Structure formats: structure tokens, C-alpha cells
Amino acid sequence: MENTTDTMKKLDRKTLNKSFHRWFWGALTCFSQEHMQTFGYMASMLPIIKKLYPKHDDQVKAIHAYTAFFNTNPMLGTVIVGITASMEQARSNGQNIDGETINDMRAGLMGPIAGIGDSLIDGTLIPILLGISLGMSSGGSPVGAIFYIVSWVLIAYFGQRFLYFRGYKFGDQAVSFLVGKQGAAIRHAIGIVGSMVVGGVLASWVNVTTSLKLVGSNGKVFLNLQDKLDSIYPGILTVAITFFCWWLMTKKHVSAIWTMLILVAVSLVGVLLGFFNPGLSY
Amino acid sequence: MTISWVQAAILGLFACLCSNSCMAGQAVGNYTIGRPLVGGLICGIVLGNVPLGIAAGVAMQLVYIALVTPGGTVSADVRAISYIGIPLAMVAITAQGLNPMSGSAANLAKSVGTLVGTVGTVLYYAVATMNLVWQSFGWKDVHNGKLDKLTAVNFGWPWISHALFSFIPTMLLTYYGSTAVTALRNALPMDGVAMKTLFTVGGMLPCVGIAILLRQIINTPLDFVPFLVGFTLAASLHLNLVSVTVISLLFAVIFYEVEMARGSNNGTPSVADGPDDDDEEDI
């Protein structure tokens, strides 16, 4: 149990795997508003710390670096866990790294990684996968749901695994790809894909129509508003309602729930005026 | 369609697995089991009508296509949407005698499902608050050097929070809710103002989901252009989503090349840290 200086301590694959799996399955299991992912982080660093520091006192000392608040996008955040594993290894080998250095790195990265992850994973990748899956599941077929489960779980597991080991291998240089110039260009390009697919999802799946028809004295319809609108720009009401919601939430800072309630009011007025009518009866 | 205690309990278990502070890992729980599309499949299997479950799930998925929870703030929590909302929507569709594949069934599903969406937010905060108790145990363990106990704090104790605030509410709401939803059939005629409004709102609710997504991905007014191009391709040219994705990849490649070339021309190797980092706010 002696720390000999001639043998460098190196984490084996089994320990790294264990740490990765603890993050994958437990990043948010003990989530609270106050400490958020802190306990998930501590639990996933525990195998690393136990491996690197044989003495119990050293273990306790090392874990204290991870008691600081942590919260980021759990998918891309995996890279930060990998980076700290390599920093912890360097620290245990007597390099000039202390708990504060590790914490500065974590605190500096969690903001940008959260921003990139939310827009890249939640805002782009998942809507694309879901958009494709929804089409496969139309008509009540389970194919789309199964496609989503398989494709997303594979991407999430192997993607996070890749990020963890990339982080471990390259340390804090691993992030330069994500936040550097090339990374910014890639993110912008992926953003184009996201925007276009979201437009496609809206057109394919949402259809707001009006039932307003003006009937002349001879009983003939002389204005069918929906047909008129379709001949100008198909789906114009759908886009208009979407922009209205976007405008309320972004410009007027109305919450999503209030936006929905405003739609209820719009619908009620529309129904009373005869603008909307789903045309159902028993 | 009725929901038995056993079925309600299974739905409750899935609600535990997929909540935002989830017990099956974020990627598998919240992002897979929790998505309404997948929830529809699972509810369909549990309640014995897969096509109806999927149809309700597809409808609900559109409303909640954007489930971004920036910084742990939550606008909707999937456990209530997928495992309370979808089962009740399925019961409602059956009770109203609608064709499960029809647009009106989908609009009813959206309205019923969204009604319970706020329940999820309450449950989310309840679980997160109760986890503070287990975390206080954790701080004591760290302080006393009992590091092995951290595993139980992170993986074991939170099950109690979920038993109280995911399992039990889901079980009770689906069991008693299904009776209430069936009873509503007689109270609200289909051609009355209330039901007409409910169906109309159902048709519009996905716009809110898409708008939340737009808030996330649109940073400058110019970003609306690709969005409208995608919309026009599908609405006017009737392209399916895979085709739209392929065309969008073409634009993505062009934009990438342009951006990289622009950077190398003016010779400033500016480290382009995104101004869009973690604020999804104004343009």
C-alpha cells in the first residue's frame, strides 16, 4: 500500500467503465433544486477515487473537490466527468493539480456544455429522430416507437461512452473541439438541419384550419376561407399560430402554461364566432 | 375501457422510471421511456390496445416535442404526460366512441393529456425537494468519511421520493381518473361549446411545443428562413421528413463550408465562443 514514485498510477478500463456507468444511470437520480447533479457526480467519481487513493483519509480528502455544486446537460456533460477522471489521476501522481483547479475546470465548463447540449441534443437531434419516428408510427403502428427506442438508446449510450473516454484521454483539451471555431461552425450547420426539420414536423403534423364559410342568400357558398388561404400559402394559419406562441413566450415572456390558456381563450372565441368548428357529433 | 389496480400500478412504476429525476438513467428513463411516443407504446401494451396507445402517444408527442429543461427548470414533466395523460386520453377516446386514428381522436388526446401536464410539474418539485433529505444524509456521510454510503444516497433512497410522488399519484389518478373521464361523456355533449373548444385547442397545442423548440434553436431572425423552408417543403411540396432532412443536410454542408472559409479569410483566429451558449432568450 506504499505510494512508490517509480510506478505511475493509471486507471484501468474496468474502473473507468464503472465510473461511466454510474454517471449514465445515476446522473440525476438524487436530483434536488439545491444541489442538482452533485450527488450523481460524487457517486460516479467514487470508483476512481477509491482506485487512485488506497488510504481512506486521502479518499475522503479527494471527494471534497466534488462536493461543489454541479449541473449541466447530462449527455454532453459526460465529457466533463471523463476529464476530471484524468485530472484526478494526474493529481494522484503528484502533478501540480489541486481540488481548486479541478473545480475551476468543472465550473467553467458546465455552462457552455449545458447550452450546447440543450440545443444540440434536446433541440435538434431528438426532434429529428422523433419526426422520423412519428411518420413510421402513423396509423397506430409500433414501428416508429421501436425505431426511436433503438436508435436513441444506441446513440445515447455509445455517444456518451465515446465522450467519457475522449474526456479521459485528452483531459481538458477535449473540450476545445466543442467550443472552438470548428465546433461553432458545426453547431451552426446542425442548427440549420434542426430548423428545417422542425418546420417539416410542423407542416406534416399540425393543421390549424378555419371552418368559416360565407353563404349567400341563394344558399351557395361564396367564400370558403380555408380554400382561399390554402391557395395563398398552404398551412398559413398553422404558421401564424406558431409564431403567435413563439412571440408570446420569447418577446412577452409568457410561460408555456399561460400560452396554452391563451390558446383556450382564442379557441373559445373562435368557436363562438364560428371561425373554428371541429364538426363532431355523437 | 377501464383501468384496473394492477394496470394502474404498472403505469405508476413506469412513472418512477421516467421522471425528470429519473430512476432509469436520464438517457433511458427520461429521454426514452418518458417520451410520449414510447409511453404510448407502453400504455398500449399495459392497457391491451397498442394501436390506440400509439395513436394517443403520437398526438401527445407533438405537443411535447421540445422537452428542454434549461438549468433544471421544468415546464412539463414527462411522467404525468406519458403515464397519466396518455392512459386517460385512451379511456376518453374509447368513451367518446371516436375512431382512434382520426384527427379528432388525436385532438382529444392532446387536450386531455395536456390537462394533466401541470400535475407533473408539481410532482417534479415534490421529488426534488424530498431528495434534499437523502442529500443531507449524504453530506453527513461525506463529513464522517463513510464514502460507501454515497451509493445508497444516489441510487437507493430516492426510490422513496418516487414511491410517494410518482408511483402513488400515478396509480390513483389513472385508476380513479378513468372512471371520471368515462362519466364525463354524458355531461358534455360533443357539439356543445365546451367540447368544440377542447377539440380546437387540441389541434393548436402542438404549436406551443414547436414554439418552445423554436425558442431554443432560433437565435437571429435569419434562423426563421430555414424553418420556413422546411415548412414549405412539407406543406406545399408534400415531402416527407426524411426527404426534408436530406435537403437540410445539403444546406448544412454549405453553411459549414462558408463559415469555415469566412474564418480563414480575414485571418482572425477568433475563438468563436457561441453567444448562444446558455441563454435561450431574446433575439
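Every residue, even glycine, has its Cβ placed from backbone N, Cα and C.
Residues 30, 32-34, 39, 42-43, 46-47, 49, 69, 74, 77-80, 82-84, 87, 90-91, 94-95, 120, 123-124, 127-128, 131, 158-159, 161-163, 166-172, 174-175, 178-179, 182 of the same chain sit 6 or more residues outside the signal peptide (B:1-24) yet have a Cβ under 8 Å from a Cβ within it. Residues or ranges marked as signal peptide in TrEMBL: B:1-24.
If you look up TrEMBL, you'll see B:48-68 (among others) marked as transmembrane segment. Here the transmembrane segment (B:48-68) has Cβ contacts under 8 Å with residues 1, 34-42, 76, 78, 81-82, 85-86, 89-90, 93-94, 100-101, 105-107, 109-110, 113-114, 117, 202, 205-206, 208-210, 212-213, 216, 280 of the same chain, all six or more residues outside its ends.
Same-chain residues lying 6+ beyond the ends of the transmembrane segment (B:80-99) with a Cβ under 8 Å from its Cβ atoms: 1-3, 11-12, 14-15, 18, 33-36, 38-40, 42-44, 46-47, 49, 52-53, 55-57, 59-60, 64, 105, 108-109, 112-121, 123, 169-170, 173-174, 177-178, 181-182, 184-185, 190. Per TrEMBL, the feature transmembrane segment maps to B:80-99 (among others).
According to TrEMBL, the feature transmembrane segment maps to B:111-134 (among others). If you look at the transmembrane segment (B:111-134), the same-chain residues 6 or more away from its ends with a CB under 8 A from one of its CBs are 19-21, 36, 56, 59-60, 63-64, 74-81, 84-86, 88-89, 92, 153, 157-158, 160-162, 164-166, 169, 173, 181, 198-199, 201-202, 205.
Residues or ranges marked as transmembrane segment in TrEMBL: B:155-177 (among others).
Within its own chain, the transmembrane segment (B:197-215) is flanked in space by residues 59, 62-66, 68, 75, 103-104, 106-111, 114, 227, 280, which lie at least six positions past its ends and keep a Cβ under 8 Å from the stretch. Per TrEMBL, the feature transmembrane segment maps to B:197-215 (among others).
According to TrEMBL, the feature transmembrane segment maps to B:227-256 (among others).
Within the same chain, residues 3-5, 7-9, 11-13, 15-16, 19, 21, 23, 79-80, 83-84, 87-88, 91, 116, 119, 123, 126-127, 130-131, 133-134, 137 sit at least 6 positions outside the transmembrane segment (B:155-177) and bring their C-beta atoms closer than 8 Å to a C-beta of that stretch.
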